[in-house]
Amino acid sequence: MLSRGSQINVTIEKMAIGGAGIARHEGMVLFIPLAAPADELTVEITLKKKNFAEAKIVKILKPGPSRRTPPCPVALVCGGCNWQQITEEEQRSQKQQLVLETIQKFNRGVEFEYLPIKASPRSLRYRNRIQPKFKNGNFGFFARNSHAIVDIKDCPITEEDLTAKFPEVRAFAEQKRSQDLLKLEMYIAEEGDIRYGLITDDDDGVGFSQVNRFQNEDLVATALEWAGDYSYKNVFDLYAGSGNFTFPLAAKYSIATIHGVELNPKLVERAKSRIGNKPIKYFLSDVENYMKKAVIGREDLVVLDPPRAGASEEIMKKLAQTPPRKIIYISCHPVSLARDLNWLFAWAQKLGKSFKLSRVQTFEMFPQTDHVETIAELVVDS
Ligand SMILES: C[S@@+](CC[C@H](N)C(=O)[O-])C[C@H]1O[C@@H](n2cnc3c(N)ncnc32)[C@H](O)[C@@H]1O
């Protein structure tokens, strides 16, 4: 019987959402952080539950073919990246498989075209917004599963323009002469300049922006291409942020009215400052509240790009009740995407409507981590 502290030998089958490697031992599923596919390992049980256990690597008996030395010297202790020990090609292959399995698990029998994952133009030096910490002279990110700070001079996944400012930001934090943990934010602004500051209880930072601008271009272009050439009457951009999709949608569908819906006032303000005389209406609102009153018709397009928690059953129900012509769902968490699709199909069936999941594609937006972006196209069968 396995218990905490037991040591066993296992082989990693594949990677899991959350980033750990999966192995099996006497019917028990084990989650092992920092593993790589096909690794043969001696591991020690760190947590034992009824149906699964967690374990840490004690010894690598035989590395899997995709195991490599991480490009970052602190990758195995820093909590920032969890897949640096795996080659980029294998990271993509794992993500491709994980998204497929997750959608299928929640939506048995639903068929769709599944396109190959799009690699990121950059696997390193792609992040344009980071939130380092500072305490007791240490500047960096939290260690894995800890609030200790891993002191860094560089971060290889972050754009050079930001890492070049590390000494300046470290000095800025030192000058605060605080014993408390300081949370910082650094980012490349849309205007191109580098900005940084403290995140406090009163100021939660700049708000959401796509962190990989190199891959974001392709994501936006794909969303527009999949939305097609139809003359939509209304385009709803739900979870619109500061307009990453809203403005390109407005440029493509120039005769449509574009409705952007976003909860963060800073992002709404930033978007509104760019609207000028374009036919864009921007709403500071929770999407679920907005959808209660939204009038959506068969000549409309809905784009939704929710946070990791996904949308909600109410939102998917509303989309099933009054279906638009097409839905483009952009997701940063496969489980919430798969669950939301399931709600949409279930409600559509109850209401006598029919949706087709036409195509799905994953985008490598966050190399060196288990995170993945997915785009899905849903068409209403007429
Ligand atoms: C994944 S981001 C996408 C933003 C934008 N589409 C982009 O590409 O930059 C999700 C956005 O949803 C916003 N958000 C989170 N919960 C929300 C809610 N309940 N209602 C409206 N917006 C919400 C967040 O502030 C964030 O801007």
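The backbone N, Cα and C atoms fix where each Cβ goes, glycine too.
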Can you match one of Asp154, Asp161, Asp305 to the S-adenosyl-L-methionine site that TrEMBL gives for Gln210, Tyr239, Glu262? Asp305
Taking every residue in the domain 'TRAM' (1-59), what is their average pLDDT? 96
Quick check on the domain 'TRAM' (1-59): DSSP residue counts for helix, strand, coil, in that order please. 0 helix, 34 strand, 25 coil
Near Cys332 (active site), which residues of its chain come within a Cβ-Cβ distance under 8 Å, counting only those 6 or more away in sequence? Pro307, Arg308, Met365, His371, Val372, Glu373, Thr374
Please identify, from the binding-site residues Glu262, Asp305, the residue with the sparsest Cβ neighbourhood, meaning fewest other Cβ atoms within 10 angstroms. Asp305
Same chain only, sequence gap of 6 or more: which residues have a CB within under 8 Å of the CB of Tyr239 (S-adenosyl-L-methionine binding site)? Val261, Glu262, Val287, Leu304, Asp305, Pro306, Pro307
Run through the Cβ atoms and count how many others sit within 10 Å of the one on Gln210 (S-adenosyl-L-methionine binding site). 19
For the S-adenosyl-L-methionine site given as Gln210, Tyr239, Glu262, Asp305, which other residues of the same chain have their Cβ within 8 Å of the site's Cβ centre? Phe208, Asp237, Ala240, Gly241, Asn244, Phe245, Pro306, Pro307, Ile330
